[in-house]
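Listed in TrEMBL:
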| type | residues | note |
| --- | --- | --- |
| DOMAIN | 152-257 | domain 'CAAX prenyl protease 2/Lysostaphin resistance protein A-like' |
| TRANSMEM | 6-28 | transmembrane segment |
| TRANSMEM | 49-69 | transmembrane segment |
| TRANSMEM | 89-115 | transmembrane segment |
| TRANSMEM | 217-238 | transmembrane segment |
| TRANSMEM | 244-263 | transmembrane segment |
Amino acid sequence: MEEEAISKSAAVTACTAMALLYVAILHAPTLILRLPPPPSFNSFMIRRFICAAISSVLSLLICTLILPIRSKEASILFDVYGIRVDHIWQAVVFPVSLTSLMYAGSLVLKALLLVDKWRERVSRGEEFSYEYIQGSLQGFIDLIISVASNVSAWRNFVVAPLTEELVFRACMIPLLLCGGFKPYTAIRLCPIFFSLAHLNHLMEFYSKQNFSLIKTFMVVGLQLGYTVIFGSYASFLYIRTGHLLAPLVAHSFCNFMGLPALFSRRNGE
């Protein structure tokens with residue numbers, strides 16, 4: 001990128017517009033185009049996938065027009081957006097290792113459950129035979145196939161992380177940095193736009209909580225708090241590594257693990 005920069009107000013306005021655009025396009029088929037509801041959940045999710053992809057492409061095009069990049073060569077644009085092929089293993093291993101620290105309690109709990117199952121087998125006199133190992137491997141393969149064919153898994157581990165990181169990190173952070181914001185300020189600003197895009201679940205939570213405003217705001221407040229924390233962390237990973245893959249794998253890992261386990265009840269209590 002060149003030394004010339006855009007104004008701070010233009011950068012913030014563009015980021016706000018992209019956040020609203022992301023949500024608007026997701027709901028465009030029903031609210032704007034007035035299309036009939038999809039016949040199945042899979043059809044509904046595929047429609048969402050297409051809308052998210054369109055929103056991501058539009059955001060990339062908007063950034064390409066706004067950012068002060070004189071050369072529009074694909075290699076330069078990919079580098080600006082953090083889409084790179086170098087240092088891939090560092091962009092995967094280090095963020096996953098760092099993110100695992102947040103899930104130390106969950107990982108230790110899962111390890112203890114595995115140890116308990118192993119002790120139960122030993123106490124029953126069962127051995128880890130070849131048939132047992134073969135059955136476990138076959139079960140693992142069946143699980144992978146089941147996940148790969150699950151549209152919700154594609155949403156949680158592929159489509160949502162990829163499109164959200166493209167829009168809220170790869171597009172917004174270069175805009176904020178070119179707007180004159182310092183890196184730590186961009187790290188604090190990006191989660192605000194990220195949280196803004198998650199407010200579209202407000203009415204959904206409102207109906208699920210039997211139209212209770214107090215319960216709805218408690219649930220939404222918890223979600224917004226989590227998105228702010230994760231958004232700051234993902235923005236830090238992107239700025240620190242300059243690699244889109246870093247926040248992407250962290251995003252997928254967090255979606256897989258869910259909320260960290262803060263406590264666990266003992267058996268019999």
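In case you wondered, yes, glycine gets a Cβ from its N, Cα and C as well.
Per-residue pLDDT, averaged across the domain 'CAAX prenyl protease 2/Lysostaphin resistance protein A-like' (152-257), gives 86. When the stretches 6-28, 49-69, 89-115, 244-263 are ranked by Cβ pairs under 8 Å to the transmembrane segment (217-238), first place goes to 244-263. Distant neighbours of the transmembrane segment (49-69): 1-2, 4-6, 10, 14, 17-18, 21-22, 25-26, 28-29, 76-77, 80-81, 154-155, 159-160, 162-163, 166-167, 170-171, 174-175, 178; these residues of the same chain sit at least 6 beyond its ends, with a Cβ under 8 Å from one of its Cβ atoms.
Look at the domain 'CAAX prenyl protease 2/Lysostaphin resistance protein A-like' (152-257): DSSP puts its residues at 95 helix, 0 strand, 11 coil.
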